[in-house]
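**Q** Quick one: the structure is below, questions incoming.
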Amino acid sequence: MSEQKYKRIFGIVLDSVGTGEAPDAANYGDEGSDTLGHVGEAYKGKLEIPNLQKLGLVNLRDKEIMGVAAVEQPLGYYGKMKEISAGKDSMDGHWEMMGLPVMKPLSTFPNGFPDSIVKQLEDFSGRKVIGNRPESGTKIIAELGEQQMQTGDLIVYTSGDSVLQIAAHEDIIPLEELYRICEFARSIVNGPEYTVGRVIARPYVGPDKDHFVRTANRHDFTLKPTGKTDLDYLVENGVHTVGIGKINDIFSGQGIEEGYHNESNMDGMDHLDHVMAEDFTGFCFMNLVDFDAMYGHRRNPIGFGQALMDFDQRLAKVLANLKDDDLLLITADHGNDPGFKGSDHTREMVPLLAYSPSMTESGSLGLRSTFADFGQTVLANFNVAGNDEGQSFLADLK
Ligand SMILES: O=P(O)(O)O[C@H]1O[C@H](CO)[C@@H](O)[C@H]1O
Ligand SMILES: [Mn+2]
Ligand SMILES: [Mn+2]
């Protein structure tokens, strides 16, 4: 490995923190979506995210966030990225960031899963499938959880994304069994007939429908990357890779040398502090999923804003700990506008923030034409050749 501009790159994905409708939002029924904008409106000027603001989070937008203005001189570089993948799920977004856009739409099930899939799940598990439609995960356990506690049936559901989700009360269907069923489900939806992005285990606990809570034992069984990702190219070239949070699941562990599971966003920030204290040459890629799972899909803009403020507070420490030869990149994988109809992800552009204490200038990185620019920049930094997807902005960082 030859000389690199930055020794360590920390990439943070604020899961679902979109910044306005993408140019192709109409194809997804998502015109008018703007996750950050609508969170700001819900706060009526009281959203406080000074660190993201200093980095240029508002400068990159066409519109202000209510109560949060653009700054005169951001600390570093700021821009937006749009997605070229067919889907707007986490897998598509993260794979595209790592140079592997998903150009062919994956299977979705607006009318529930076909009999063939249901029958195989029932035969394998010895349990009856209930639910079997697109639904919000918290709504479906409120509706069917008590029935599951009595019968041991499997709650199977989907969403607008290519996902097969199985909700199970931890006292009724033990975790190991749920994971086994999910692994089986994974094995029957890898194509060619049905190709599903993610099978997701959705365990929950609680005595009754008014008190069910989903646990951090959620596990995503993602399709294996269909080719090499930038993470693989990095590892092959001796660059150390670390995954924090859902990253490991999203890439099925492929190209991740050191992995950490997050219990929450704040737990993720603890892991990041820990990794930042290590001496290494490489790329640390982190996903913070609470924005999405706890607030975006729940259409809860107040909770979403609070999660942003909590993140922002912890960001102060990260900024203070960055070394001159560190680069921080912050972005998102899709939108999930809590002020929008439905409960699905929204096709939005995502923020792109780049900062290193060694920067002497600042400025706009513009609208990037694919999320792959993110990974291409990481590769360029470490002088690693990948599959040429995306354009590096490394040379713009001064
Ligand atoms: O409603 P819950 O169970 O949170 O599920 C949501 O989470 C999935 C993964 O982010 C999405 O596809 C959507 O279905
Ligand atoms: Mn996501
Ligand atoms: Mn989601």
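The count begins at 1 with the first shown residue.
A Cβ is built for glycine as well, from the same backbone N, Cα and C atoms used for every other residue.
Just lifted these from TrEMBL, have a look:
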- Asp15, Asp333, His334: Mn(2+) 1 binding site (BINDING)
- Asp292, His297, His345: Mn(2+) 2 binding site (BINDING)
- 7-384: domain 'Metalloenzyme' (DOMAIN)
**Q** Enumerate in sequence order the binding-site residues Asp15, Asp292, Asp333, His334 whose Cβ-atom distance to ligand 3 is under 6 angstroms.
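**A** Asp292, in sequence order.
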**Q** I want the residues beyond Asp15, Asp333, His334 whose C-beta is within 8 angstroms of the mean position of the Mn(2+) 1 site's C-beta atoms, in chain order.
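**A** Same chain, not in Asp15, Asp333, His334, Cβ within 8 Å: Val13, Leu14, Ser16, Val17, Gly18, Asp89, Ser90, Gly93, His94, Asn287, Asp292, Ala332, Gly335, Asn336, His345, Val350.
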**Q** Within 10 angstroms of the C-beta of His297 (Mn(2+) 2 binding site), what count of other C-beta atoms is obtained when all protein chains are considered?
**A** 20
**Q** In Å, rounded, how far does the Cα of His334 (Mn(2+) 1 binding site) sit from the Cα of His345 (Mn(2+) 2 binding site)?
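**A** Cα-Cα distance, His334 (Mn(2+) 1 binding site) to His345 (Mn(2+) 2 binding site): 7 Å.
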**Q** Counting across all protein chains shown, how many other Cβ atoms sit within 10 Å of the Cβ of Asp15 (Mn(2+) 1 binding site)?
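**A** There are 23 such Cβ atoms around Asp15 (Mn(2+) 1 binding site).
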**Q** In whole Å, note down how far the CA of His297 (Mn(2+) 2 binding site) lies from the CA of Asp15 (Mn(2+) 1 binding site).
**A** 11
**Q** Between the Cα atoms of Asp292 (Mn(2+) 2 binding site) and Asp333 (Mn(2+) 1 binding site), find the distance and write it as a whole number of Å.
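**A** With distance taken Cα to Cα, Asp333 (Mn(2+) 1 binding site) is 10 Å from Asp292 (Mn(2+) 2 binding site).
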**Q** Filter the candidate list Asp15, His297, Asp333, His334, His345 of binding-site residues, keeping only entries whose CB is under 6 Å from an atom of ligand 1.
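**A** Among Asp15, His297, Asp333, His334, His345, near ligand 1: His297.
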**Q** Taking the Cβ of Asp333 (Mn(2+) 1 binding site) as the reference point, list residues of the same chain whose Cβ is under 8 angstroms away and which are at least six residues distant in sequence.
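**A** Spatial neighbours, sequence-distant, of Asp333 (Mn(2+) 1 binding site): Val13, Asp15, Ser16, Ser90, Asp92, Gly93, His94, Met97, Asn287, Val350, Phe371.
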**Q** Determine the binding-site residues, out of Asp15, Asp292, His297, Asp333, His345, lying near ligand 2 in the sense that the CB is under 6 Å from one of its atoms, and give them in sequence order.
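**A** Passing the 6 Å Cβ check against ligand 2: Asp15, Asp292, Asp333.
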